[in-house]
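According to TrEMBL, the protein carries these features:
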{"type": "BINDING", "residues": "71-76, 105-109, 129-130, 142, 151, 169-172", "note": "NAD(+) binding site"}
{"type": "BINDING", "residues": "184, 248, 265", "note": "Zn(2+) binding site"}
{"type": "DOMAIN", "residues": "68-179", "note": "domain '3-dehydroquinate synthase N-terminal'"}
{"type": "DOMAIN", "residues": "181-326", "note": "domain '3-dehydroquinate synthase C-terminal'"}
Ligand SMILES: NC(=O)c1ccc[n+]([C@@H]2O[C@H](COP(=O)([O-])OP(=O)(O)OC[C@H]3O[C@@H](n4cnc5c(N)ncnc54)[C@H](O)[C@@H]3O)[C@@H](O)[C@H]2O)c1
Ligand SMILES: O=C(O)C(=O)C[C@@H](O)[C@H](O)[C@H](O)COP(=O)(O)O
Ligand SMILES: [Zn+2]
């Protein structure tokens, strides 16, 4: 497979796939040519893969340090961020030192934020090991950590110097985590590409069986679709990049009220997309079948469709008011207009939001 190029002028980079022309060693030399030192960051479940990556870095002459954070969303915290800064200071890192994130979105967001902050910016290499991080979080430069009042409230834009995707890492990924990643893949179909959505409907069984060709296709396709958006609106300034947030206004409320542990991110996104689509129906923007197709595909992928009944509605609305897309306290939602297309919609009545949460 050809690399996917993310064109961002001086911040351009390649997403490369293992098994294609060129080794990980070539990728490292191309991505961070001036690095002599690297801090490899992993979590307790990806340490084994990180050791392989560390050996490969050392084989091309880099000295390395390693930092391992506890697995799970709770590591996207100020405390773990501080520990990574300490690890960089202990190395000691210089301006060319690479931060190499080996893990899922948690490791990527946390290590990416440390790379953005230390010395006002270190080169960052993403080695995603979950499906979700391969199709979404390793690309596009959003880094950050959570706050008790909301998801990803503290962070920075910091593009990676390169992304290395090896689907073999998925061999150890639990089924629930794999399905969680599929939610973001469904998202790309709904927001950008009706044909890709139909491809997923037709190939759901092969996808769930992790057929290698199907997985390679959906990862590369998702990366290209995300790169197309990021290239046009790198810092979510024009409103275009906000489409990648489809389902997320709800999802972040579910994750926050659920205490960052009840659901995986993709599970929250799945239910969030259904809520957003039902909201679009209530506003008369789409016919019911646009939602029903999402419901059917998300059900096939074993993902939730509705928030847990025990989660109180008002705290969820409160989290939504703090959403980064909200302006002057007014809720803004990304809503479908048809399969393959969405719009950012302002001033949605809160009562309708309550109705879709009930
Ligand atoms: N920056 C972005 O653009 C962006 C996009 C989407 C999601 N996110 C963030 O990403 C996070 C979710 O990412 P995630 O779903 O990858 O979760 P995660 O990083 O928590 O990984 C999921 C679980 O799988 C384990 N794991 C990772 N790779 C493994 C492997 N190969 N084998 C076995 N276990 C493995 C992890 O230790 C963890 O327990 C959320 O915090 C979300 O907000 C960020
Ligand atoms: O890259 C983006 O832009 C996204 O919105 C991708 C989302 O899947 C991702 O969950 C992101 O972290 C959400 O960002 P936030 O700005 O809403 O915190
Ligand atoms: Zn997401």
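Even glycines carry a Cβ here, placed using N, Cα and C.
Structure coloured by features recorded in TrEMBL.
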{"residue": "71", "record": "NAD(+) binding site", "DSSP (3 states)": "coil"}
{"residue": "105", "record": "NAD(+) binding site", "DSSP (3 states)": "helix"}
{"residue": "130", "record": "NAD(+) binding site", "DSSP (3 states)": "coil"}
{"residue": "169", "record": "NAD(+) binding site", "DSSP (3 states)": "helix"}
{"residue": "184", "record": "Zn(2+) binding site", "DSSP (3 states)": "helix"}
{"residue": "248", "record": "Zn(2+) binding site", "DSSP (3 states)": "helix"}
{"residue": "265", "record": "Zn(2+) binding site", "DSSP (3 states)": "helix"}
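Checked against ligand 2, the binding-site residues 108, 172, 248 give 248 as the ones with a Cβ under 6 Å from it, listed in sequence order. Note: the Zn(2+) site is recorded as 184, 248, 265; in the same chain, 132, 136, 183, 187, 247, 251, 266, 268, 269, 272 also have Cβ atoms within 8 Å of that site's Cβ centroid. If you measure from the Cα atom of residue 74 (NAD(+) binding site) to that of residue 184 (Zn(2+) binding site), you get 21 Å. Counting neighbouring Cβ atoms within 10 Å of each of the binding-site residues (71, 74, 130, 172), the lowest count belongs to 172. You'll find the Cα of residue 71 (NAD(+) binding site) roughly 14 Å from the Cα of residue 265 (Zn(2+) binding site).
The shortest Cα-Cα distance between residue 248 (Zn(2+) binding site) and any of the binding-site residues 105, 108, 130, 169 is the one to 105.
Its own atom aside, the Cβ of residue 248 (Zn(2+) binding site) has 26 Cβ atoms within 10 angstroms in the protein chains shown.
Ranking the binding-site residues 105, 108 by how many other Cβ atoms lie within 10 angstroms of each Cβ puts 105 at the bottom.
Cα of residue 169 (NAD(+) binding site) to Cα of residue 184 (Zn(2+) binding site): a distance of 19 Å.
Of the recorded residues, residue 108 (NAD(+) binding site) and residue 184 (Zn(2+) binding site) place their C-alpha atoms 16 Å from one another.
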